[in-house]
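S.K.: The structure is given below, and queries will be raised subsequently.
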Amino acid sequence: MAGSRTNDIKVYCSFCGKSQDDVKKIIAGNNVFICNECVALSQEIIKEELAEKVLADLTEVPKPKELLDVLNQYVVGQDRAKRALSVAVYNHYKRVSFTESRDDDDVDLQKSNILMIGPTGSGKTFLAQTLAKSLNVPFAIADATSLTEAGYVGEDVENILLKLIQAADYNVERAERGIIYVDEIDKIAKKGENVSITRDVSGEGVQQALLKIIEGTVASVPPQGGRKHPNQEMIQIDTKNILFIVGGAFDGIEEIVKQRLGEKVIGFGQNSRKIDDNASYMQEIISEDIQKFGLIPEFIGRLPVVAALEQLNTSDLIRILTEPRNALVKQYQALLSYDGVELEFDKAALEAIATKAIERKTGARGLRSIIEETMLDIMFEIPSQEDVTKVRITKAAVEGKSKPVLETA
C-alpha cells in the first residue's frame, strides 16, 4: 500500500526516520516503511555498484595472444585480420580501464574503432561476435543500408544504440562498454568522389550521423525505438567507450588500389608494382583508397584500424566445416546422435559443399543452407526409422543426384 497515512496514524520512514509530513510519499510494506527519498538514494547506490562491477569486469582484459587463441578456436584463416583485431580490442578496453582511473594531466587516449574489409561470407560478422562473446560484453549488429539521416523515412542511427542497450538488458552502464558491429558500411559510400547537389539520404548524411556516435557523444535514445517525439522520455547513453566495428565487401576497391600502385587495368605502367591476386591487393588498402571509394575523410579518421579479410577458398571452407569448436559438421553429428545415429561426410562431399558455396558467392555463411538442403529428407525420416544406425553423406547426395547412404542394424 502506498500513501501518506495509515488509519490517521503518523508514520515514519524505517530508514531515515523522516515523517510522512517531511517527504512526498511513504511506501508501506510488512511492518516497514520507506520514503521516496530513500528509494531514490537506494537506486543511486545500486547504479554506482553496477557501474563499479562493469569496470571491475574489464580490468583483466585478455591479452592479444589470448584473444587470438579464442579466435583461432572458432575462426579459420584470416590470420592477419585476427591479429589486427586482437590488438585493437585489447588496446580499446585497456583505454577504457585507463580512462576511468586517469588524472586530468594524463595522456588522453583516443578510440581505436575498426574497419573490416572483406568479401561476403569471409567471416566479418562472426569475428566481431566471437570477440564480444569472449569478453562477455553486450553486442549488437546493425545494417547500414537500413539507416537514414534524421528527418527521412528509415531508421535513425540512435536505434543502433537501443539494440546494444537491449542486449545489456537495459543496463546502460554495461551497454556503454559494449561492441557494435555495423555491416554493409560500403553501401553508404558517396556515389562518386564529387558531392552530389541532390540529397544523399542513405549516403554521406548517414556517415555524418554515424560519425557523431562513433567518435563519442551522449546520445538520447527512444526506449521503444522509432523516431524521437517531443516530451518523450529518453535513455541517455555515452558512446565514448563503445567499440564500433564496421564492415563491408567494398566490391571494386582492389581496382582503386591497382591504380594507386601504378598498375593499369589495360596495359602496363613502367613503375607499376606487380601483385599476384586481388586478395593481396586487399592487404595494400590505405585510407586514400577508402576515401576514393566513397567514405568521407572524417568518417575514415574515426576508424584507424583497418583489417582486410581474404576471399575464402575451397580448402578454407572445408576447414570451416570440420575444424572449429562449433563446426557445422560437428553440430549436425550432435543433432543425429540424439536419435542414436552416426553421421559421416565423405571427403568428396565436403569438397562439393565448399564448391557450391563458392559458386553461389556466399562464402562461409552459405554452408549451413547447403547442408540443410542435403539433409532435409534425412532429418525428417530418421526419427521414425529406429533401425538406422549410420548416415553417410556422399558427393552425389550434395549434388542432388542421389540420397545419402543409410546403414541399418
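Indices start at 1 and increase along the chain as displayed.
Even glycines carry a Cβ here, placed using N, Cα and C.
Relevant sequence annotations retrieved from Swiss-Prot are reproduced here:
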BINDING   C13, C16, C35, C38  Zn(2+) binding site
BINDING   P119, T120, G121, S122, G123, K124, T125, F126  ATP binding site
DOMAIN    1-54  domain 'ClpX-type ZB'
S.K.: Rank aside, I only need the closest one: which of the binding-site residues P119, T120, S122, G123 has its C-alpha nearest to that of C13 (Zn(2+) binding site)?
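M.R.: Going through P119, T120, S122, G123 one by one, the closest to C13 (Zn(2+) binding site) is G123.
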S.K.: Check the binding-site residues C13, C35, C38 for other C-beta atoms within 10 angstroms of each C-beta and report the one with the most.
M.R.: C35
S.K.: Can you tell me how far the Cα of C35 (Zn(2+) binding site) sits from the Cα of P119 (ATP binding site), in Å?
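M.R.: If we compare the Cα positions of C35 (Zn(2+) binding site) and P119 (ATP binding site), the gap is 59 Å.
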S.K.: Rounded to the nearest Å, what's the C-alpha distance separating K124 (ATP binding site) and C38 (Zn(2+) binding site)? Just drop the number here, would you?
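M.R.: C38 (Zn(2+) binding site) has its Cα 48 Å from the Cα of K124 (ATP binding site).
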S.K.: Under 8 Å between C-beta atoms and at least six apart in sequence, can you list the same-chain neighbours of G121 (ATP binding site), or say none if there are none?
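M.R.: For G121 (ATP binding site), the qualifying residues are L312, A357, K361, T362, G363, A364, R365, G366.
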S.K.: According to DSSP, which of helix, strand or coil covers C35 (Zn(2+) binding site)?
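M.R.: For C35 (Zn(2+) binding site) - judged by DSSP and reduced to three states - the answer is strand.
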S.K.: Distance check, please: Cα of G123 (ATP binding site) against Cα of C16 (Zn(2+) binding site), rounded to an integer number of angstrom.
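M.R.: Taking the Cα atoms only, G123 (ATP binding site) lies 57 Å from C16 (Zn(2+) binding site).
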